[in-house]
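Report on the following structure.
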Amino acid sequence: MGRGLLRGLWPLHIVLWTRIASTIPPHVPKSVNSDLMAGDNSGAVKLPQLCKFCDVTLSTCDNQKSCMSNCSVTSICEKPQEVCVAVWRKNDKNITLETVCHDPKFTYHGFTLEDATSPTCVMKEKKRAGETFFMCSCNTEECNDYIIFNEEYTTSSPDLLLVIIQVTGVSLLPPLGIAIAVIAIFYCYRVHRQQKLSPSWESSKPRKLMDFSDNCAIILEDDRSDISSTCANNINHNTELLPIELDTLVGKGRFAEVYKAKLKQNTSEQFETVAVKIFPYEEYSSWKTEKDIFSDINLKHENILQFLTAEERKTEMGKQYWLITAFHAKGNLQEYLTRHVISWEDLRKLGSSLARGIAHLHSDHTPCGRPKMPIVHRDLKSSNILVKNDLTCCLCDFGLSLRLDPTLSVDDLANSGQVGTARYMAPEVLESRMNLENMESFKQTDVYSMALVLWEMTSRCNAVGEVKDYEPPFGSKVREHPCVESMKDNVLRDRGRPEIPSFWLNHQGIQIVCETLTECWDHDPEARLTAQCVAERFSELEHPDRLSGRSCSQEKIPEDGSLNTTK
């Protein structure tokens, strides 16, 4: 029946599409026509846009009438809300054209995307020093391929609209029927397969896709994380909440409580373990800050806590705000160091993964080169770092974090306040003398805090010899929960830092770690290393044969991490 329908409709397709081809004016690009053919899709699920994506390329396009981008790369935008953007620049040296996807909620090159709902890319001039600068945005398929500088070139043939309306219904019937059939077959297969699964089979195979309710699908990966999600970095807007059963309280902080919980399936008693961070009604702002940070899809990284979704819930205790994330059974780093002495290899893995996570947080691009908003944590400490099953770190607790949006004014940054935990505050934060003109100074406060955490790790490493009981940075020099004034006396007046015993330096790898953390807690923020530099240094520690040039000692670190004194 399906084949007969296709055969019957095919001649009509040829006739109608021939009419379309004959009525398209030469100046109307493919992207505009594609949008017209889409019809009115209000009420349908919004799919990611298809845009030209060539970043910055040299162009011969002038700014008089209109032109094509000549970009050969078409990309599906990562997020449904992203639109197509084109940027045309002319300076004394050349003309360049940039085509990308971008979320209109955020500025691009410091400008708001005011025309993000336009079906065509009509250039508007922006004021920029030293160059002629035009930018446009639009929300139809590949609409940034056809760049318009004069709005009279945006008109299209009235006959074209009528023809396209006629052909749309006929064109969509065959693929729609095929799609429904494929979905039905796949659904039946999934239901049949799920019913046949047994616990013994599950325990002997790699963990696969598991469906639950209509909210989202969860992909269970390897032992590096207990859970990850295809709908990660999203807030759950569905009226039906995720089927979660709270288990035990595993942590409590200033703003929220953290529970171990069971995420149940619809059709069985099986469940997966997740963590649920619950904020009371009065801590809405902290929940919103952390939710907004997690909702940035470019934040995803193996050394940043895996986010599942965020929910608003009504309980007998009143309204609550939930963040649902991966659960890591080893707990936070402070707890882990209190209970365990670590080896040199453990220290290298923990330190390296911590630096990589912070470097990604601070970076203005993803590892694959996509633009990303830099973020500063502002409350880095060992209790805000989780230990994964493979003994690597992941950052969590972003309730005090700050997005370094270039559109923020100095006043906006000044109003962000003196935040963090006093024991881990950098000197300039304690003294409230941050350089608000330079956003890099915010990142360097995180680097200072990271140095203290690296010291904590090193103090519990058996490669240095005698290992004392765990103590936080500054140990008994300050009380258990020191105030800002107490830390000012220690850090500013006395220029105090945690002690590095001389025998730690007998191990070549530990010596490099100590040199690194000493440079990271320098009193001068501009003299500190960047998180990326620290990550690179730890990467070098994976190759002991390359370390001789970094130390006075000519001895090498063998695979077991001990100091090799063999000549």
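Residue positions begin at 1 at the first shown residue.
Glycine is no exception: its Cβ is also placed from the backbone N, Cα and C atoms.
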Candidate annotated in Swiss-Prot as phosphoserine, out of S200, S204, S548, S562: S548
Record Swiss-Prot, residue C136, disulfide partner from C121, C138, C143: C121
Member of C61, C71 annotated by Swiss-Prot as disulfide partner of C67: C61
As recorded in Swiss-Prot, which of C51, C71 forms the disulphide with C54: C71
Candidate in C51, C77, C101 joined to C84 through a disulfide, as Swiss-Prot lists it: C51
Selected from C77, C138: Swiss-Prot disulphide partner of C101: C77
Between C54 (disulfide bond) and V250 (ATP binding site): CA-CA distance (Å): 47
When distances run from the Cα of R254 (ATP binding site) to each of the recorded positions C67, N70, C71, C101, C138, the nearest one: C101
